[in-house]
Ligand code: HSE
């Protein structure tokens with residue numbers, strides 16, 4: 001049995017989703033000859049540490065009943081520095097001002113020679129090159145499929161399955177909150193403010209929903225694609241961004257009557273990094289509704305390849321993290 005020892009740093013919706021999927025997939029993992037042993041779980045109030053492996057069902061129960069997993073007064077950095085393990089799963093709340101705790105945790109993990117799997121966009125949207133250089137210089141693996149499009153497998157699709165293709169451009173809907181708002185504005189002929197409240201009830205909006213509706217969250221994801229797929233050295237501030245807050249239901253209805261839906265589209269290709277509302281023909285592969293994300297990749301050999309999926313959600317995002325973990329464990333054994 002291959003054992004991979006991991007910490008979960010950040011035990012909010014995504015961190016708890018990771019614990020749930022590790023529990024749920026134990027038999028599946030055993031069939032892969034793999035045990036994912038969680039040696040530490042950390043939230044903002046402290047940690048549980050057990051080098052023999054934490055009982056995740058009990059950790060989840062404690063988090064839900066007491067509001068914290070903490071049994072000892074240790075931080076993420078304490079765990080990353082002092083507890084022997086292979087992979088840091090970094091799921092702390094994102095910070096796009098300076099990268100915050102997530103950036104410090106990832107850099108420390110690389111200093112300690114640990115691998116990192118993360119859903120935390122902020123550090124990558126600000127300091128992608130620094131993080132990749134830190135990972136390379138310590139021989140660590142760095143996987144971040146969950147940062148873009150949640151469960152939608154865009155990065156690993158391009159780097160794995162589409163290997164050999166030149167990627168000419170990527171266009172897509174990278175923010176589920178905006179897609180939900182625009183879809184519902186058209187259905188209900190209602191203002192964006194009314195539909196934002198509904199989107200927040202769905203639990204997918206950022207803590208500060210300005211990041212969603214002004215296109216900043218989509219810009220962060222676009223920049224991660226730009227840097228990881230196109231080799232750019234951009235930050236989200238380099239993206240030309242227009243949000244959806246000035247769109248009226250009347251303009252959407254006029255467009256619809258002409259055969260178009262209004263979508264917030266991110267586009268990256270050589271010399272272009274842009275997030276803006278665009279008119280998409282009804283029935284076009286990019287015209288998905290509700291909270292869905294979608295990405296259409298233009299390639300030189302395969303032509304256009306389009307994928308769609310759930311861009312947010314605890315278990316959905318944890319799915320991408322689990323996939324990255326399994327992929328790292330496979331490489332460990334090569
Ligand atoms: N607020 C984001 C969205 C969450 O609506 O897509 C996932 O990054």
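Glycine is treated like the rest: Cβ placed from N, Cα and C.
Quick caveat, the model's predicted, so the values are computed rather than measured.
Per TrEMBL, the features are as follows:
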ACT_SITE  221  active site, proton donor
BINDING   10, 11, 12, 13, 14, 15  NADP(+) binding site
BINDING   121  NADPH binding site
BINDING   206  L-homoserine binding site
DOMAIN    10-145  domain 'Aspartate/homoserine dehydrogenase NAD-binding'
DOMAIN    153-326  domain 'Homoserine dehydrogenase catalytic'
- line: Students should find that the Cα atoms of residue 12 (NADP(+) binding site) and residue 206 (L-homoserine binding site) sit apart, in Å rounded to an integer, by 13
Message: Looking only at the domain 'Aspartate/homoserine dehydrogenase NAD-binding' (10-145), how are its residues distributed among DSSP helix, strand and coil?
response: 66 helix, 25 strand, 45 coil
- prompt: Should we count any of the binding-site residues 10, 121, 206 as near ligand 1, judged by a CB under 6 A from one of its atoms, and which?
  reply: 206
Query: Can you tell me how far the Cα of residue 10 (NADP(+) binding site) sits from the Cα of residue 206 (L-homoserine binding site), in Å?
result: 16
Query: Which of 12, 15 has the fewest nearby Cβ atoms, counting only those within 10 Å, among these binding-site residues?
result: 12
- line: Out of 121, 221, the listed recorded positions, fewest other Cβ atoms within 10 Å surround the Cβ of 121
Message: List every residue in the same chain as residue 14 (NADP(+) binding site), at least 6 positions away in sequence, whose Cβ is under 8 Å from its Cβ.
response: 91, 119, 146, 314, 317, 318, 321
- line: Neighbouring CB atoms within 10 angstroms of the CB of residue 13 (NADP(+) binding site), all protein chains considered, total 17
Query: DSSP three-state call for the residue listed as 'L-homoserine binding site': helix, strand or coil?
result: coil
